[in-house]
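Student: First the structure, which I've put down as structure tokens, then a few questions once you've had a look.
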């Protein structure tokens, strides 16, 4: 027990120390000064490659690569995860959730540290078929998050399937690896074709993705064991999530990356908190799996029809509750706050650019050297609690309803 508390305390103290050191030494700006010019040079010099690829533009290719970008995006995986939990593959679902949170945080941190541009449009034509793609276009370029996420998640999925099936057939392994490589290749090519990334962004996404996947495959069993049977799990993860919000680097100019990270950090916390409380009831290895007599396809459809409306209601209620509680708590503690979107009454006279600066500038300094002139954007907390509530309902509330309904 003492050793567990010790490493948890050392981990949190290490993050706090990093926040102090990086703020005092201005690490983000120094790294950006070193890396950004080199990356920007490559982005400009690779414009011709992007234009050469876009010479083959066709409506079919537009639809293919736009669809593929949606399928390998974080919102798609987020929507897909509840089905994994409810189908009985709890270990795969929670590992994919935490791996995705790790990828999302790491990739967005690097994006905002480097703050390198995307390919200039024009001359490169940028194809944004969905609102999600339009938001992604507002982020910085290096690394390609789609490429990074695709390598990590498809690679881990392949590892899980081969381990779960315990199939030693070399031809099956080769086929699985070939499919993963094809998806990764098409994803990278598609990002260039759509005008969203340069070659250097794709290469960086590949390199970082391989590094994260290799690291995760070496620690995932330890992480899972800690979540399902560890001590102080929920408390530790709550402090970890809070500190990671403040450890996030300040970009050169505001982007949506921090919003994406804060939302999915909330998802990870909700999953961890819920699984830790209900593992032996709903998420152990002996739960019924889909396509078995204990969980038929009709029963699974019933779970989906009950579960989806429930988690959407919880998301709405969590947001409403957070919008009411956080301002009250902040005012009680004397913390000046603003809202850049969720609570119009707190918006004040802040302009769009100023509100974004409030949202993304100097998180570490505000945490460590708080003064009466600092103003916190309460939207970050609202977003975190909203998605935490949604994720908790996926693994705790909804399975409880399934149990009551005998689904």
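Heads up, the Cβ atoms here are built off N, Cα and C, so glycines get one too.
Annotations in TrEMBL come from automatic prediction, not curation.
Per TrEMBL, the feature transmembrane segment maps to 6-27, 63-86, 174-194, 199-219, 225-248, 291-314. What TrEMBL records for 93-217 is domain 'Phosphatidic acid phosphatase type 2/haloperoxidase'.
In the displayed structure, how are the listed features positioned relative to their neighbours?
Tutor: Under 8 Å from some Cβ of the transmembrane segment (174-194) lie the Cβ atoms of residues 49-50, 53-54, 56-57, 61-62, 64-66, 68-69, 72, 126-128, 133, 144, 146-147, 150-151, 154-155, 158, 161-162, 201-202, 205-206, all in the same chain and six or more residues away from its ends.
Same-chain residues lying 6 or more positions outside the transmembrane segment (225-248) and placing a CB less than 8 Å from one of its CB atoms are 1, 4-5, 8, 11-12, 15-16, 18-19, 22, 94, 98, 105, 108-109, 112, 258, 261-262, 265-266, 268-269, 272-273, 275-277, 279, 283, 363-364, 366-367, 380, 384.
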Student: Sequence-remote contacts (6 or more beyond its ends) of the transmembrane segment (291-314), Cβ cut-off under 8 Å?
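Tutor: Those are 82-83, 86-88, 389-390, 392-394, 397-398, 401-402, 405, 407, in sequence order.
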Student: Tell me the residue counts in helix, strand and coil for the domain 'Phosphatidic acid phosphatase type 2/haloperoxidase' (93-217), as DSSP assigns them.
Tutor: 92 helix, 0 strand, 33 coil
